[in-house]
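Worksheet: the structure to be examined is printed underneath.
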Amino acid sequence: MHYLAVALPLLTLALAAPSNSVPLTPLNSRQYSEDLAERQSWLLDQAKGLRSKYAPHLGERGQELRRRDIIDEGITRRKRANQKRATGTVSLTDVGLDASYAGQVSIGTPAQDFLVIMDSGSSDLWVAGSTCTENFCKQTYTFDTSTSSSFITSSEAFNITYGSGDADGTLGTDTVSMAGFTVSDQTFGVVTSTSANLISYPLSGLMGLAWKSIASSGATPFWQTLAASGDWDSPEMGVYLKRYRGDNTASQIETDGGQILFGGLNTSLYNGSVNYISIDESEKDYWRIPLEAMVIQGNSVSIASSSGGSNPSCAIDTGTTLIGVPSQTANRIYSQIAGAEALSASSGYEGYYQYPCDTEVTVSLQFGGMSYSISNADMNLGSFTRDTSMCTGAFFAMDMSSRSPVQWIVGASFIKNVYTAFRYNPAAIGFAELVGGSSVSAGNPSSSTTGGGTSGSNGGGSSSGAMERKGVQLGWLVGAVAVGVAAMI
């Protein structure tokens, strides 16, 4: 497997992780539900799980109860198969002032609940296992395979590499549920070791929302199984990422961080129609579409590059904070901002640029014939040098390999400004104006972009190439930049 190397420092997200002596804040659990029926259901599941685990050793009465359990499970499965659950909502938790957006996933029998980063830029599901010895594992929720009666272990190793580090463990299969939907035989990674600071409390892992072709495990992603099954009312996911950057009253962990709707779009969150840009069959790897133009401070900027041609392919990545662009493009972007300068390579922050904090930056990207603005709050990440009059920008210089199918990584700094649709069939990415927003306008035909980008539902992606695994996970890699917690130079 190949990975794109990114020479960036690992900046620690300054979250107050609990010590071993402090109990973790409980996630939603049926055991403590205010609903008596929910609590009773949890209790019955504990008994069923125990009987299942020790079935060969049960006495006569236990065997009889186990047979009843099996009948009940079959009835439940048939009922579920005959029911069409139209949509389901993943309520997002905003961690680190927009550094990561996480949803709750339930794994095993009985279910164990975890917060996992919802990442449209990768395709694997993994969670920290209870045998993990890393410090972060001791301070967050971990999956105990021994207490799940439905877990099937595998001897196959699991490894996934990001720009910020890697995670290692083994593959397993179990029942996985999210937003009211269940996949009974989902393959995922049970992680036993990670690079330092890859993730931290309250996070326990990651849910990949991209296509199967880039899954390190080779498993069909949870979302893709559901979209293909017909269980969804509409084969798409609607994404809204809430902004807490610039909110002085916000905390490091905000439970009202937006939502992902499985099975449709939340029409109450956007105005007008959705502008879909088609994805070719050969491009089902990352969620990627071609960029057609860019305007900053009222001036068109050339987006052409040696690797991406006139219309670079952009991965739309909810698991990333920054907007990664080729270094020559970053140069052009910041040359339009008076007083902007690159942070030196010797400082360890190569790729970042800073500019006067009092500068109001207007910037827009054009996809599918429409221009979408990025708010100044998302463009300006805050001050990270001893010169507090200078602020760091969201566009980050990062040259991808010539074999990479994507040249830009478009993260939450952009996605927060639009309502985003990820459509399974026909494959497409769509954008719409958020309610209360004014981020969308007709594209500018006089843009410096030249060549063959098309618009609307007929838009296509860039040419396909040899696949490379995702090599930058900037959402948590640069958590400190996203939340403004470091003074570095």
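Here the Cβ of each residue, glycine as well, is placed from N, Cα and C on the backbone.
Looking up ASN159, ASN266 in Swiss-Prot, the residue bearing an annotation of N-linked glycosylation site is ASN266.
When the neighbouring Cβ atoms lying within 10 Å are counted for each of the disulfide-bonded residues (CYS132, CYS357), the highest count belongs to CYS132.
CYS391 (disulfide bond): 22 other CB atoms within 10 A of its CB, across all protein chains. Between CYS391 (disulfide bond) and CYS137 (disulfide bond), the C-alpha separation comes to 34 Å.
A simple way to gauge crowding: the CB of CYS137 (disulfide bond) has 20 other CB atoms within 10 angstroms, across all the protein chains here.
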